[in-house]
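As written in Swiss-Prot, here are the features:
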ACT_SITE  GLU515  active site
BINDING   HIS514, HIS518, HIS524  Zn(2+) binding site
DISULFID  CYS485-CYS580  disulfide bond
DISULFID  CYS541-CYS564  disulfide bond
DOMAIN    353-585  domain 'Peptidase M12B'
REGION    67-91  region 'Disordered'
MOTIF     514-525  motif 'Metal-binding'
SIGNAL    1-24  signal peptide
Amino acid sequence: MESSVATHWLSAFVILCSFITTQSLNNKIHEHMTIDELRNVFHVEHHSRVPEYHLVQLTHHLARRNIPTSHPANSNSADSGKTPHLKTEKVTKGGYKAPSLLNDEMFVEAKKRIEDVDIMGDPNSTVSVDFKVQSSEFGDSESLSDKEHSAESQEDGVHKIDLEAFGRQLKLVLKKQEGLIKKDGLKVWKALKNETQPHGVDYEEMITEDDEEFGDLYQDEENGAALLIRRHPKHGKLVVEGSIGHDLVIRPIPDTMTSPAQDDEMFMDPSSMADMVSIDTGLPIMKRKKEEQDRLQEALNGAQHVIIKRDPAEVDHMSDYAFMEPDHIGKRYRRKRSAEAHNRQKREAPYVIYPEILVIVDYDGYRLHGGDNVQIKRYFVSFWNGVDLRYKLLKGPRIRISIAGIIISRGRDATPYLERNRVGRDAIDSAAALTDMGKYLFRERRLPVYDIAVAITKLDMCRRQYANDACNRGTAGFAYVGGACVVNKRLEKVNSVAIIEDTGGFSGIIVAAHEVGHLLGAVHDGSPPPSYLGGPGAEKCRWEDGFIMSDLRHTEKGFRWSPCSVQSFHHFLNGDTATCLYNSPHEDDSLPRVLPGRLLTLDAQCRKDRGTSACFKDERVCAQLFCFDAGSGYCVAYRPAAEGSPCGDGQYCINGQCITEHENIIPDYSQHTPSYVRPETSPFYANITSSRH
């Protein structure tokens, strides 16, 4: 009897010790990650820099009585003998809740009443997941309570998630998004140093994974959630990544941690690894201990994601902007408005405008994401989904972000405009880099058509008040006010450019929205407009109110646009210099049988549109026809030249390309940057305005 009791208590003690050990492991799961895993999940390269996070496991259910009879989930029922896609799961943070502590009878009863279905397979389904938080000595512990999930949504692609994390209750209503990526898919290029190519850089289009593997984009406007959701190709579970609100990020846990240990699984990081082993190359590598991998599996308990809380210091950054020319030039050109231009009927902005963004990822950003092209694509699509979400809050004008393409830099020399302006090891002079970027893009004609080019860097951005001053850090973004679609011909510089800093974890989303706002004509709240744009400015809106065009984004207003910003957008988008934003990136213009460009010269087309002449008569007109506007002094891109328009010696515009007559059309994406021209502008450094602190 005594022996039996002793055995019982000994067993209980062993179980308790095992539970506590697993709890501790769960609370510090990041300490068992390799450097590559840290970089993949948290975008940091040292365990001490990992932010606060929760381990999360997602579950999706539909009530059986509400499942449409035509839904394929019916074939996954218990009667069919097929295994459903997903299983009932729970959420943990800090502490681990052993399966033995669950109410088995409640689990069995719930399993009888509900049925797992494929959230991606049913666009009409409504999904609800409830996360509840309770305290433990290891931190907050979250458990999942199953709720009734129905297919009551009447709108395709709407899914609901109820969750409580970091003391906040969130009810996400996620709607599937279209339009950020073009119908023919997202184009991605890699940029490499090559002295034989123009500007010493070679651009090569990359073949990436199909859209099904890539996933679908979802947004919740009210809660500021922008997510990319896909199915894992092996086990079929949902993989979710993106941003929630201004400080939460959800990321998947690497497969190397969620998969059982394999004999051929090798790691270079020495933390929690076995002794070094040798392979044929003679180089030492490290292998994670099987016992360690098993403990990770037990601690994760099937969790596939982490919710990360960003440091507020990473959210609130200063922003700078530059004016495009001195004030007196803008006034003079407004006085020169000709009677012909004044009487010409103005083209009003459409109900929806589509800024097409060319995303340029520098080499440090490439390394930040582990050099994984697929992950880089997913991250930055999720990133711009978050930026687009901020513009979705505008009810008028309606602005829909579209990605023209992504360029991934495979070396520092692939972005020479950044490299030439390095300050020390980890910073760049933002004003000088922006100027050089504009000049580089003016000469570069191998890139896809775009309205705005944005370089994204992990490097710290700094500013000099004067040429030889110290470069003061703290800036996170830099752009020209009203620069969208604009080129300075005298200085040979594109003004439709911006540089933003992003250190991972979607820290640069609001900064990107802010800088694109500058390019679309908005100034900082509390500031007057530049004279060359005119309009309402933002003097009536206080900087301290903390809207997007302020740097004091400490409340929910940091997701919204001030009334002054909205008025500035209206003014800019209805001006003569914004017409390149009017075309939809998804228009499918079929080739007409009679080519109108053979009937009207480029000058004749401009006379009909602007009453003036064409600014350029080379291959650029196939992407955008620039016509001189006497009223503003700019060359304005109204639309592409008509099909069949001449674009060089014996060459004509066909499907947006300048080709020799009867030549086969082979896509090479060599169209020139959409741009405007304004003569007699002054050098950039004479017109820099800093943000308010």
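Here the Cβ of each residue, glycine as well, is placed from N, Cα and C on the backbone.
Mapped onto this structure are the features recorded in Swiss-Prot.
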residue : record              : DSSP (3 states)
CYS485  : disulfide bond      : coil
HIS514  : Zn(2+) binding site : helix
HIS524  : Zn(2+) binding site : coil
CYS541  : disulfide bond      : coil
CYS564  : disulfide bond      : helix
CYS580  : disulfide bond      : helix
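The sparsest Cβ neighbourhood within 10 Å, among the listed binding-site residues (HIS514, HIS524), is found at HIS524.
Looking at the residue listed as 'active site' and CYS485 (disulfide bond), their Cα atoms lie 14 Å from each other. Listed disulfide-bonded residues near HIS524 (Zn(2+) binding site): CYS541 (candidates CYS485, CYS541, CYS580; Cα-Cα distance within 10 Å). Between CYS485 (disulfide bond) and HIS514 (Zn(2+) binding site), the C-alpha separation comes to 17 Å. Across the structure, CYS564 (disulfide bond) and HIS514 (Zn(2+) binding site) are spaced 14 Å apart at their Cα atoms. The separation of HIS514 (Zn(2+) binding site) from CYS541 (disulfide bond), Cα to Cα, is 16 Å.
Confidence across the domain 'Peptidase M12B' (353-585), taken as the mean pLDDT and rounded to a whole number, stands at 89.
Separating the Cα atoms of CYS580 (disulfide bond) and HIS514 (Zn(2+) binding site) is a whole-number distance of 20 Å. For the disulfide-bonded residues shown (CYS485, CYS541), fewest C-beta neighbours within 10 angstroms: CYS541.
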